[in-house]
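Engineer: Questions regarding the structure given below will be posed in turn.
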Amino acid sequence: MTTDTAAGRFGRYGGRYVPETLVPALMELEGAYAEAQRDAAFGAEVARVLREFVGRPTMLTPAHRLTESWGGAQVWLKREDLAHTGAHKINNTVGQVLLARRMGKKRIIAETGAGQHGVATATACALFGLPCEVFMGALDVERQALNVFRMRALGAVVRPVESGSRTLKDAMNEAMRIWVSQVEDTYYVIGSAAGPHPYPTIVRDFQAIIGKEIREQTQAAIGRLPDAIIACVGGGSNAIGALHPFIPDASVRLVGVEAAGHGLQSGQHGASLTLGTEGVLHGSRSLVLQDEHGQIQEAHSISAGLDYPGVGPELAHLAKTGRMEVRTATDDDALSAFYEVARTEGILPALETSHAFAAARGLARDMGKGKHLVINCSGRGDKDVATISARGVPPATGVKS
Amino acid sequence: MSTELGKAFARAKARGEGALVAYAMAGDPDLARSVDVFVAMVEGGADVLELGVAFSDPIADGPVIQAAAERALKAGATLRRVLDEVVPEVRRRCPETPLVIMTYVNVVMAMGEARYAKLARERGISGTILPDLPPEESAALRAAFDAEGVDLIPLCAPTTPPARAEGIAKDARGFVYCVSVAGVTGMRAELPANLSERLDLVRRAASVPVVAGFGISTGEQAKALVAHADGVVVGSALVKAAHADGPAAAKQLCADIKRGLKR
């Protein structure tokens, strides 16, 4: 099926596959966003909030001990974990909630998997005084108790979703269904660079601040662009944000890391770029995990932020055209990377980010000395401590017991 | 438009009735017993049958149909099996009744749109409704359907601006499915007051019949709508009745709604 005339395409991917009820709202959003982009005052306000409230620019930290331990490229960490609320998600929610306010919307809905997007949306809503409802798979409500508390503390209503796999995919279905019935006054803040046009573009644009800062910061630190940037990919908002500003720079390797879960052969993973096939999920055409009959399969990852059976359409396009390299890391790889980073750099990365670290070791070694590798630290690991500690903590290092 | 669909609407009109498009989920509770539900609905007076083909992520559907889809998927109701096992049996037992498939675009894409269109024609499917395929995305798929004479039936929503609604109506194949409420499928006690104006507008622009759907569950609602539409679609109420009390309950509800559809 070719639909070249449709807006919001990334090669074959993207588009707007939604009930007709939502099409006018998406067109309104497209128009409002284009207008906001032309308005210097809007851009200035987003920049001000990012600076004063979010804490941007986030640092680019040299990872001396990891660099030494891995024995390859010089490793740099882009510290989205230091952004307010502890993850990159806040960049996008601040932008979208300001956009919603500009559009005169009265309430905000969102969906969340690991809870970081829900927390970031609840935070932006609290900051700008808008009521907020967050749909969250019931399974994720159980395994992300800390973030559920944070959302409630911030004044948001958390609505557990019991259907399907009770995870992010089902929360997104439910948010779309609720949006269909309340579309007149409700703004749906999508958290990943996925969903129907114009969301993949809007989310990417608000997250591209990450890559823009990496450009400036590497120029300042090493006098040139990095040789590679690596980021984890669930829906892919941190990845497209970090990578997008470098797409024209052929010298920069762009690397995405997907969740291999229990292993790519196990059938329990979240590797939609690696093993997905072309399909339509949540309003856009992309690569999805599905069976031969077009039924969406449940994804698995130890990380609630990566067990999504789809991926943003632009990342699908970058992967298919070869501009982005795709690697995978299993649950066990991610766990072991979590402790390695904690104990060599003093940072507890989110389990999502741990996947990027797990694949970065091999990449750094492949690249070799004299090269520079940036790892996008999408978020901090506090929300995951219950999941991780349940598996037992390795003994302390360098201390006699 | 497919001859069969046109004839079914014309037959209802000649009898002084609005047409009843009756929806049930193919494969709920299993493939064989869903055939009995479709047959019972025709016995109750359904003029067109709409066979739901389950999708794992039905964003246009409310809880009743979503639950039916989960049951159907458990029973193995793939698009291929619905076309091979449910459709021929319904055709055999209800040879006069046109059949329409309602599913999601991913299910058709997974089979391949040309392959689906060909199989659908061979099995005697008159039209297809894909609630997540707005006009902007539908050109190529519609061309594949047109080539086989399978109507891609468009939807029009309460949020659709009038000019766009007229465009959808003018280009329509089969019939125009006017979604009565801004929301997902499911029963509603009240239908919006401005629904009749919207139906009138679409009907003026359309060269095919116009039906109202979403939220309709009673003969009284059907009665109020029949002055402004060529028919109604009833889905969740029938799915709920069939699930709770079997084919006879669906037949009874069809008969009640048909009484409301008499002009």
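The backbone N, Cα and C atoms fix where each Cβ goes, and this holds for glycine too.
Copying in the features that TrEMBL gives for the protein in this structure:
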- B:Glu50: active site, proton acceptor (ACT_SITE)
- B:Asp61: active site, proton acceptor (ACT_SITE)
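Looking at the shown structure, can you explain where the listed features end up?
Structural biologist: Under 8 Å, Cβ to Cβ, and six or more positions away along its own chain, B:Glu50 (active site, proton acceptor) finds B:Val21, B:Ala22, B:Tyr23, B:Ala24, B:Leu99, B:Val100, B:Ile101, B:Met102, B:Ile129, B:Val233, B:Gly235. Mapped onto three states, the DSSP output places B:Glu50 (active site, proton acceptor) in strand.
The Cβ of B:Asp61 (active site, proton acceptor) has 29 other Cβ atoms within 10 Å, all protein chains considered. B:Asp61 (active site, proton acceptor) carries neither a helix nor a strand DSSP state and counts as coil.
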